[in-house]
Amino acid sequence: MDEFLGPQAEYNEEEEERKYYRRKRLGVIKNVLAASFGAMIVYSVYMGLLQMQLILHYDMTYREVKYSNLGLQDIDRKMLMGINVTPIIGLLYTPVLIRFLGTKWMMFLASGIYALFVSTNYWERYYTLVPSAVAIGVAIVPLWASLGNYITRMAQQYYEYANYKEEHVQEQKKLPKGACHSYIIVFQSVFNIIFSLSFIFAELPMRLVLNGYLRDSIHILHNVKKCGAEISGVIPGFNTTVLTNLPRSMLLIQVESVLMGFAFLAMIIFLVLCGPAYRPTEEIDLRSIGWGNIFQLPFKHLRDYRLRLLCPFFVYSGFEVLFAIKGFSLSYGVCGLGLDKLWLLIVVYGLSCSVFSTLSLCLLRLPRWVCLVGGAAVHVALLVALMVFSPEPKNASYGPLLVISVLWGLGTALNKTGVSTLLGILYAEEKERLDFVYTIYHWFQAIAIFIVYLWSNLPMRAKLSILLATVLLACYCYWVMERRLAGKVPYRLPRIPRPRHKVSVGFFFLVSRLFYTNWCNHEAISDSAVTRSRMTKFEGLNHRLCLRRADRREVIINHKVYTCGPHIFLDLWHFNCHTAQKTI
């Protein structure tokens, strides 16, 4: 037994420790890539299916043949209402869901809801499509809040594993200010680079399947007289018959089956490849503050002037993406080029977003306002240009429309990465607040989605004016926030209650915290086979043991007695629990 448990001559503790934390860092990178690809696949499937579905259902012949005897002529309107209206109540339940399920499991469950939406298209009825659309609306805010929280937590974990010898890391104290900012910038950039590819892959069903059934632009745009800034609504006069012939039902089932397979792949990625965002002990602490407090804290965080002044940017972030894929692509692109060229505009926009998301890495050297202000400046110039730009119906030139798509993608990339990175930087040392902060961010985006849904019939110049006013207000509020921070104006953070653990009292009791304090005889423990570094080395284990005795401060490790403080928390590594119980 002594030979087995005793120190090995050839064992190099520092080298093994270095290899262990190197594996941990590689695991964090794997988690970031898995979450990014999982989110990209989920939204590729969702947007591709929804686009194909809306085009098919728009065609009058398709509706009459398939839905006339089912009374489903207005099914699209009810589906869009469920998707766009439901998220406005997301602030009420998102933090509770994330704390109850955990960040990783929330992402997995939300991806399952998107897969459910795909599956309901096999049997199109009110009682399948509408409930699944409402479920999508319920899952939007939790999914995005979990993703933002997850990426930021991975940056914090990477810092801890890269600086594992630091005292504040070993004792699991709050990180120093600015310690993990560079990792947040890199990880948020990587996420947006990968996720923006979803706009490209979402166009594959239309490009490979549906484009062969579309009529030419002369027929579809025959009654269209004006485009761009001069119109009201989406495309006035757009023909209600856009299909040359109806796609075979078996072909549509095959397409939906492929999309369903990728939706399941995304679920497997979240389940298998994504590691937990928090340690098990931290997850318990996050839940133990009380569900009433969890419900209230998102509202209390709005007292922080940093979040309040960023709210216009949150809203504009939702406005500009939907305007790109709905307002500009339809009222300018489809109106001028035809429905068969819609995929080209979206692919160019998505590719631009992905490529230009790399520019956010400049924040490693430049001030943090560069991304947000740069993206806003690009969009302000484009909005002014779009107010006077009206392409000619059916005969528009490709050049101006593609250039606008590229530049709008540049602004979107800077805006999205800038906002996500800024939130991570502002709250980098407050890991127990991240889910509340990202919930507020994506809830305001959901409000923007709802507003865009309501303004569909407004004149185009009115929509552009709302966008322009919002982005200018967002820039002003952001300037005020940075000025207050530079002047060291204190911000108000709500107090998070201490965790309330239910602990059974007895000779021994188990708790779910890994934290050791009050060392009375540190030299004795340092000389043993279990050093402080080894004790924190296996912090990812689920099982911890807390030994306490009121009248004695001794613990047995490898059959040796060590004197310690009143509380000592040890990993169950090189430690025989039953022997310790009998000896003490």
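Numbers run from 1 along the shown chain.
Note: Cβ is positioned from N, Cα and C throughout, glycine not excepted.
Residues or ranges marked as transmembrane segment by TrEMBL: 28-49, 79-98, 105-123, 129-151, 183-202, 258-278, 309-330, 342-364, 369-390, 396-415, 436-456, 462-481.
Note: the stretches the transmembrane segment (28-49) and the transmembrane segment (462-481) are not in contact (fewer than 3 CB pairs below 8 A, sequence gap of 6 or more). The stretches the transmembrane segment (396-415) and the transmembrane segment (105-123) are not in mutual contact, being linked by fewer than three Cβ pairs under 8 Å (pairs 6 or more apart in sequence). The recorded stretches the transmembrane segment (183-202) and the transmembrane segment (79-98) do not share 3+ CB pairs below 8 A when only pairs 6 or more apart in sequence are counted, and are therefore not in contact.
Within its own chain, the transmembrane segment (436-456) has Cβ neighbours under 8 Å at 80-81, 84-85, 87-88, 90-91, 94-95, 98, 140-141, 144-146, 148-149, 152, 233-234, 297-298, 301-302, 307, 310-311, 314-319, 322-323, 326, 419-420, 423, 426-427, 462-463, 466, counting only residues six or more beyond its boundaries. Outside the transmembrane segment (342-364), and at least 6 residues removed from its termini, the chain residues within Cβ reach (under 8 Å) are 182, 185-186, 188-189, 192-194, 196-200, 202-203, 206-207, 211, 324-325, 328-330, 333-334, 370-371, 374, 401-402, 405-410, 412-414, 416-418, 421. Long-range contacts of the transmembrane segment (462-481) within the same chain, counting only residues at least 6 positions beyond its ends with a Cβ under 8 Å from a Cβ of the stretch, are 229, 305-306, 309-313, 315-316, 319-320, 323, 327, 369, 372-373, 376, 379-380, 383-384, 386-387, 455.
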